[in-house]
Amino acid sequence: MVTIRADEISNIIRERIEQYNREVKIVNTGTVLQVGDGIARIHGLDEVMAGELVEFEEGTIGIALNLESNNVGVVLMGDGLLIQEGSSVKATGRIAQIPVSEAYLGRVVNALAKPIDGRGEISASEFRLIESAAPGIISRRSVYEPLQTGLIAIDSMIPIGRGQRELIIGDRQTGKTAVATDTILNQQGQNVICVYVAIGQKASSVAQVVTTLQERGAMEYTIVVAETADSPATLQYLAPYTGAALAEYFMYRERHTLIIYDDLSKQAQAYRQMSLLLRRPPGREAYPGDVFYLHSRLLERAAKLSSSLGEGSMTALPIVETQSGDVSAYIPTNVISITDGQIFLSADLFNSGIRPAINVGISVSRVGSAAQIKAMKQVAGKLKLELAQFAELEAFAQFASDLDKATQNQLARGQRLRELLKQSQSAPLTVEEQIMTIYTGTNGYLDSLEVGQVRKFLVELRTYLKTTKPQFQEIISSTKTFTEEAEALLKEAIQEQMDRFILQEQA
């Protein structure tokens with residue numbers, strides 16, 4: 001029989017008493033009253049904050065958006081199919097935040113910054129709030145450095161600066177995403193981090209963009225945040241803020257970033273869906289009253305930081321889709337009023353073969369020539385003026401039968417200038433190539449060619465200039481000015497190439 005040793009038992013009891021830690025945990029809980037359509041109504045959660053994350057019994061996370069007298073309206077970050085009426089919900093005491101780090105470069109993530117490219121977890125040591133305050137007035141400085149898109153029409157006439165917000169607006173299938181992806185491709189070697197946010201897009205379209213970026217080696221400095229059309233409205237609404245938080249991480253580390261929101265019309269629709277299901281009063285076009293604030297608080301996060309904060313920048317290119325060219329609809333007018341200019345893509349121009357289909361007449365950059373190098377300013381001023389005069393003349397010439405020689409020459413020049421603005425997709429040009437192209441057109445060197453020969457001649461001229469006159473590129477990249485020496489080299493190259501080209505065509 002086992003002997004009972006009283007001293008051993010008393011020691012064990014004493015140890016247990018010493019180890020006992022009386023910790024009282026107060027948990028703010030509630031009960032599900034109703035769930036459906038990505039919305040849950042919760043009774044309880046008395047001390048929940050607006051925007052706080054709440055956790056359901058089966059693991060789904062939601063955001064408390066409506067704090068009403070007798071219940072809390074929560075939007076779900078998942079399908080919530082396992083949530084049952086009467087199940088418990090607890091407040092987490094946290095607001096939505098995501099992990100951030102350099103390791104995100106080259107990855108495709110969702111609105112919660114979780115990888116969706118099948119390449120494993122992403123290590124991160126730091127967190128940022130998805131919704132953080134925009135830099136104040138003192139934290140900013142005016143935009144002065146150019147962000148080159150590689151598209152002649154934009155860099156010469158609608159220049160974009162680092163820290164600017166430039167809207168890309170147009171009907172569906174007019175090349176809005178193409179302008180944005182070309183801009184990402186052109187940042188290669190420019191030390192700019194790019195973030196592409198796809199909101200409510202088809203998964204196939206997002207895959208196509210990612211493939212293009214991978215093939216051209218652009219994914220190594222790009223992060224893709226994707227919430228496709230089948231994602232819950234809550235995640236489509238959050239995706240742009242997640243992208244902004246990732247871009248801010250680099251901006252506050254003295255880096256330059258470019259963020260593309262493709263597109264904000266879909267985010268507004270997702271927010272409208274959430275708001276209507278939460279029974280918030282609808283306003284114009286059934287959007288809620290705070291849909292302006294939805295976009296303004298997002299786009300105000302783009303900035304050029306002051307020198308005391310390291311001069312980092314975040315340039316935003318939001319995309320908005322219009323219905324049959326109606327720029328005066330609710331969301332387009334809102335975003336136009338928030339941004340520093342817009343690039344308008346026209347379906348008519350696109351269908352007539354002018355690509356990128358930029359309508360230079362109603363596109364504008366409110367930063368203007370502050371975002372151009374001196375060399376570009378020297379050659380681009382003439383281009384904009386001549387194109388404006390050409391557009392006016394072209395409309396008039398449709399009604400006039402006999403035109404004088406000067407008018408005919410001006411029309412011919414305008415057609416060739418319009419031709420030099422055409423570019424193939426995924427073929428951005430360097431600043432030096434753009435300056436050379438514009439100079440050739442505005443100084444009448446293309447007037448002797450047929451309109452159909454212009455692009456072929458310019459492609460050959462770029463190659464010829466690069467191989468035989470490399471000093472031209474060196475002068476412009478080092479001095480940022482179109483010097484007399486550079487002009488002499490360019491004139492020489494144009495003349496030599498023109499002679500060669502005419503001989504080729506005759507042969």
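Backbone N, Cα and C define each Cβ position, glycine as well.
According to Swiss-Prot, the feature ATP binding site maps to G170, D171, R172, Q173, T174, G175, K176, T177, an assignment based on sequence analysis. Around Q173 (ATP binding site), the same-chain residues six or more apart in sequence whose CB sits under 8 Å from its CB are A347, F350, listed in sequence order.
Residues or ranges marked as site 'Required for activity' by Swiss-Prot on the basis of sequence analysis: S363. S363 (site 'Required for activity') counts 21 other C-beta atoms within 10 Å of its own C-beta, drawing on all protein chains shown.
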If you rank the binding-site residues R172, K176 by how many other Cβ atoms lie within 10 Å of their Cβ, the lowest count goes to R172
Entry from the binding-site residues list G170, G175 having the most other CB atoms no farther than 10 A: G170
Give me the sequence-ordered set of same-chain residues, not including G170, D171, R172, Q173, T174, G175, K176, T177, with a C-beta within 8 angstroms of the centroid of the ATP site's C-beta atoms. E321, L345, A347, F350, A357
Can you figure out which of G170, R172, T174, K176, T177 (the binding-site residues) comes closest in space to S363 (site 'Required for activity'), comparing Cα atoms? G170
